[in-house]
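Trainee: Got a structure for you, questions after.
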Amino acid sequence: MAEGLSPDFNADAEPSLWQACLDELSRELPEQQFNTWIKPLVAQVADDHSKLTLFVANRFKLDWVRAQYAGRLAALAERLQGHPVQIELAITLKETPVKPAVQSVSSALRGPVESLDAVDEAAPNTFRSRLNPALTFDTLVEGTANRMARAAAMHVAGSPGHLYNPLFIYGGVGLGKTHLMHAIGNKLLADRPESKVLYIHAEQFVSDVVKAYQRKTFDEFKQHYHSLDLLLIDDVQFFANKDRTQEEFFNAFEALLAKKSHIVMTSDTYPKGLTDIHERLVSRFDSGLTVAIEPPELEMRVAILINKAISEGSEMPEEVAFFVAKNVRSNVRELEGALRKILAYSRFNQKEVSIQLARDALRDLLSIQNRQISVENIQKTVADYYKIKVADMYSKKRPASIARPRQIAMYLAKELTQKSLPEIGELFGGRDHTTVLHAVRKIGGERQQLTELNQQLHVLEQTLKG
Ligand SMILES: Nc1ncnc2c1ncn2[C@@H]1O[C@H](COP(=O)(O)OP(=O)(O)OP(=O)(O)O)[C@@H](O)[C@H]1O
């Protein structure tokens with residue numbers, strides 16, 4: 001990617017292509033988005049109109065524009081131009097002779113009033129946030145599984161330092177916890193670019209503590225962490241057994257809350273489920289809002305697949321998305337892996353994406369899943385977990401200590417296998433399908449309310465998926 005002007009540009013190039021893009025985008029995008037991200041871009045069109053270079057003020061903006069708008073701009077430019085136009089993004093370097101050249105193009109494009117200074121004024125935030133600009137609320141599909149977490153995250157991004165502080169998000173692997181954290185940071189930076197936002201993985205925090213300890217630089221360490229407006233810290237379960245880190249995190253935590261900075265944490269379990277973490281930290285983790293992210297439901301998985309395919313510049317017909325979503329149920333990361341395989345398979349074999357193609361592309365994955373998750377397997381795993389006999393899964397016994405695990409096993413059978421309600425009923429000692437439906441609804445509903453049950457189900461699901 002260019003970091004300055006490349007010589008093959010004509011500074012006086014006919015500006016109509018960019019102007020037409022601006023006109024179109026100003027109609028398409030919300031005004032605030034257009035004014036913040038598109039309008040300040042300084043454009044240059046290559047002599048032969050094969051390339052459009054856009055200059056931005058800093059790296060953060062460059063990453064953001066690339067993630068959010070480059071695809072749209074390329075499509076738009078191609079449509080307007082009648083042939084593919086390469087979109088290149090570059091940072092305007094103050095110390096290079098770029099300025100006059102860019103300025104003249106800028107003037108040509110938007111009249112003499114707007115100069116590069118207008119771009120510079122959009123104060124580059126030199127603080128390294130470590131945010132991935134592609135992970136935004138816009139690219140995060142909403143569903144029942146993440147609705148509450150997403151709403152809380154939106155609230156925090158909109159008015160940090162107030163409600164839900166700290167925000168503690170927990171859930172299994174690959175369910176979008178990290179994505180949600182980045183989305184909060186990116187939104188805050190988009191709204192208030194001067195904010196000091198830091199995303200950090202808990203392991204990196206541990207390593208920062210170790211470095212500060214070795215180099216005796218705790219003052220700098222504290223200055224750095226205690227000055228933040230928003231601290232996003234991922235996977236705090238990694239603090240287990242790290243006493244010094246826990247102490248430093250406790251200090252940072254207190255300092256940040258005292259100055260009304262916001263803290264968002266993620267973990268694979270809810271605060272009280274954390275092990276080997278000091279009680280005083282655990283109780284602080286739980287003192288704001290604790291929300292779970294659940295595995296995505298079918299419709300959400302379908303929407304994720306369709307959206308991701310589009311963002312990859314491809315298309316996934318709905319029936320194929322349903323087929324994949326029914327077969328890949330565990331988490332979003334696996335869905336993404338499946339999608340990548342299908343798209344690569346389709347490109348490689350030059351075949352359109354179809355159910356048959358998806359079946360071929362995912363053959364290994366599907367056979368592993370089919371092999372691992374059978375109703376019998378579920379019955380055995382659940383019986384072991386709740387310490388009852390496997391035979392009780394088919395028996396007519398009704399005490400709660402047996403009936404409840406049986407209902408849990410029915411629920412998991414519906415969630416994790418392709419079997420219909422009557423088929424499941426049959427495998428549970430010839431029960432009616434309405435009994436199975438009742439169990440599925442009951443456990444599914446309680447899962448949303450009861451943290452402990454939810455945790456147990458997570459463990460069972462992880463065990464069954466191997
Ligand atoms: N609701 C969603 N919509 C779109 N993409 C999603 C969604 N949830 C997760 N993803 C994507 O799935 C992938 C895994 O998500 P992420 O890394 O946030 O998971 P995680 O919960 O932090 O997992 P881990 O605990 O393993 O770090 C990412 O590429 C993320 O963008």
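Yeah, the Cβs are placed from backbone N, Cα and C, and that goes for glycine too.
Those TrEMBL annotations? Automatic predictions, nothing curated.
Okay, these came from TrEMBL:
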- 1-96: region 'Domain I, interacts with DnaA modulators' (REGION)
- 130-346: region 'Domain III, AAA+ region' (REGION)
- 163-297: domain 'AAA+ ATPase' (DOMAIN)
- GLY174, GLY176, LYS177, THR178: ATP binding site (BINDING)
- 347-466: region 'Domain IV, binds dsDNA' (REGION)
- 374-443: domain 'Chromosomal replication initiator DnaA C-terminal' (DOMAIN)
Trainee: I'm checking region-level scores; what's the whole-number mean pLDDT for the region 'Domain III, AAA+ region' (130-346)?
Mentor: 93
Trainee: Return the residues near GLY174 (ATP binding site), defined as same-chain residues 6+ apart in sequence whose C-beta is under 8 angstroms from its C-beta, sorted by sequence, else 'none'.
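Mentor: For GLY174 (ATP binding site), the qualifying residues are SER330, ASN331, VAL332, ARG333, GLU334.
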Trainee: Please report the three-state DSSP label of LYS177 (ATP binding site).
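Mentor: For LYS177 (ATP binding site) - judged by DSSP and reduced to three states - the answer is helix.
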Trainee: Counting only residues 6+ away in sequence within the same chain, which have a CB under 8 Å from the CB of THR178 (ATP binding site)?
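Mentor: Same-chain residues close to THR178 (ATP binding site) (Cβ under 8 Å, separated by 6 or more) are LEU135, ASP234, THR266.
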Trainee: Taking the Cβ of GLY176 (ATP binding site) as reference, which residues of that chain separated by at least 6 in sequence fall under 8 Å from it?
Mentor: LEU140, ASN146, ILE293, VAL332
